[in-house]
Amino acid sequence: MGNLQRMKRVLKCLFFVPITLCVIYLISPFVKLVMDFIPMEKCILESAKMLNLDSSVDASLNLQSRPDVQTCTYWKAAIIWEGMFDPRLYDDMHKSKGSSVALTVFAVGRYLDAYLHKFLNSSEQHFMVGLPVTYYVFTDMPEMLPDIKLSPLRSLKVIKVKKNSRWQDVSMTRMKSISDVIESDIRHHCTYVFCFDVDQVFTGRFGSEALGDSVALLHAHYYHLPKHLYTYDRNPNSKAYMETGDFYYHAAVFGGSWKSVKALTEACYQGIMEDKQNNVEALWHDESHLNKYMLLHKPSRVLSPEYCWDTNIGYRSDIQVTRLLWAPKHYETLRTP
Ligand code: UDP
Ligand code: MN
């Protein structure tokens, strides 16, 4: 290449790169705003009595109170949004039934120092207030656990786990650890189990309206997107492979009765191990396997993205409250071995 040509190329780059960056910068808020106008499908049930009920109180859900969003799935599971439910009815029902909840959370390596304190403190303020809650904290450094003052009816158990060197393995082996502790402990003490990522903070009621036999969460970044943009695992060699599905669920929050969560975590772990034997890894690790499982075993209850919102998305008219927020992610410092 001659010097002149090379010079022309460099000048072209100098000219086009800033322009491209400007265009991306200018249209990204616009793209976000437009997403708000892509409507969700709508619930076609006339009354909540027609839902497949997780409990009798579900018949009191007001499916029509939120015409702006989808309030039930085609398999008649409720999708829970602010304005649809009376929190007192759920709290009273679960108190009188004697429901209790296990919360599992992993804080391995630097995630402990970065997130656990805020996560647990905020959970004390907002998660299943009024019900007995047992925290199951999985960590490689039990001695470093923050000192948290727990309310009455609430307790904390620590489970020591090995630190995998790859963050993907830390994330994926959670499935095995959860299923083990359900078998050894949770099933004898708790009705429900909820499993959380630690890099989040509760900011509003995350209450008993979220309890059900099998509970999945709509991913905040995908609930307005057309299905072909969902990032399912598309590798036919993976056990998580799926062509299409119902929703894109977020693995940062899932739950249900101890029996359902045990079945889910066991199946996902099995899929993950089979993939390892075949030298494949699903695109989004445990989340891809969770999505596959939920396609084959429909959740009985779906949580709206209020239950795990990312403020980076910006304003959305259908998010009237935020109950749990993504904490800032500092992957560069947290994920390095
Ligand atoms: N995790 C951990 N230590 C690690 C990597 C992951 O404790 O080194 C746990 C932690 O609970 C975290 C979850 O696994 O929230 C999932 O990982 P991450 O939050 O980084 O995944 P992302 O939110 O990006 O999907
Ligand atoms: Mn996370």
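Quick reminder: no glycine exception, Cβ is built from N, Cα and C everywhere.
According to TrEMBL:
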TRANSMEM  12-31  transmembrane segment
BINDING   F106, A107, V108, Y111, D197, V198, D199  UDP-N-acetyl-alpha-D-galactosamine binding site
BINDING   D197, D199  Mn(2+) binding site
ACT_SITE  E287  active site, nucleophile
For the binding-site residues F106, Y111, the one whose C-beta sees the most other C-beta atoms within 10 angstroms: F106
Let me check the 10 A CB neighbour count of V108 (UDP-N-acetyl-alpha-D-galactosamine binding site). How many other CB atoms are there? 20
Restricting the binding-site residues A107, Y111, D197, V198, D199 to those with Cβ under 6 angstroms from ligand 2 leaves D197, D199
Measuring Cα to Cα across F106, A107, V108, Y111, D197, V198, D199, which the record gives as the UDP-N-acetyl-alpha-D-galactosamine binders, how far apart are the two most distant ones in Å? 12
Looking at the binding-site residues A107, V198, which sits with the largest number of other Cβ atoms within 10 Å of its Cβ? A107
D197 (UDP-N-acetyl-alpha-D-galactosamine binding site) to E287 (active site, nucleophile) - Cα separation in whole Å: 12
E287 (active site, nucleophile) and V108 (UDP-N-acetyl-alpha-D-galactosamine binding site), distance between Cα atoms, whole Å: 18
So how many other Cβ atoms are close to D197 (UDP-N-acetyl-alpha-D-galactosamine binding site), meaning within 10 Å of its Cβ? 20
Determine the minimum-neighbour residue: among D199, E287, listed as recorded positions, which Cβ has the fewest other Cβ atoms within 10 angstroms? D199
Could you state the whole-number distance in Å separating the C-alpha atoms of D199 (UDP-N-acetyl-alpha-D-galactosamine binding site) and the residue listed as 'active site, nucleophile'? 15
Cα-Cα distance linking the residue listed as 'active site, nucleophile' and V198 (UDP-N-acetyl-alpha-D-galactosamine binding site), given in Å to the nearest integer: 15
Cα-Cα, whole number of Å: E287 (active site, nucleophile) versus F106 (UDP-N-acetyl-alpha-D-galactosamine binding site)? 15
List, in sequence order, the residues of the same chain other than F106, A107, V108, Y111, D197, V198, D199 whose Cβ lies within 8 Å of the centroid of the Cβ atoms of the recorded UDP-N-acetyl-alpha-D-galactosamine site. V105, L112, Y115, L116, F119
Secondary structure at F106 (UDP-N-acetyl-alpha-D-galactosamine binding site), reduced by DSSP to three states: strand
Sort D199 (UDP-N-acetyl-alpha-D-galactosamine binding site) into helix, strand or coil using the DSSP assignment. coil
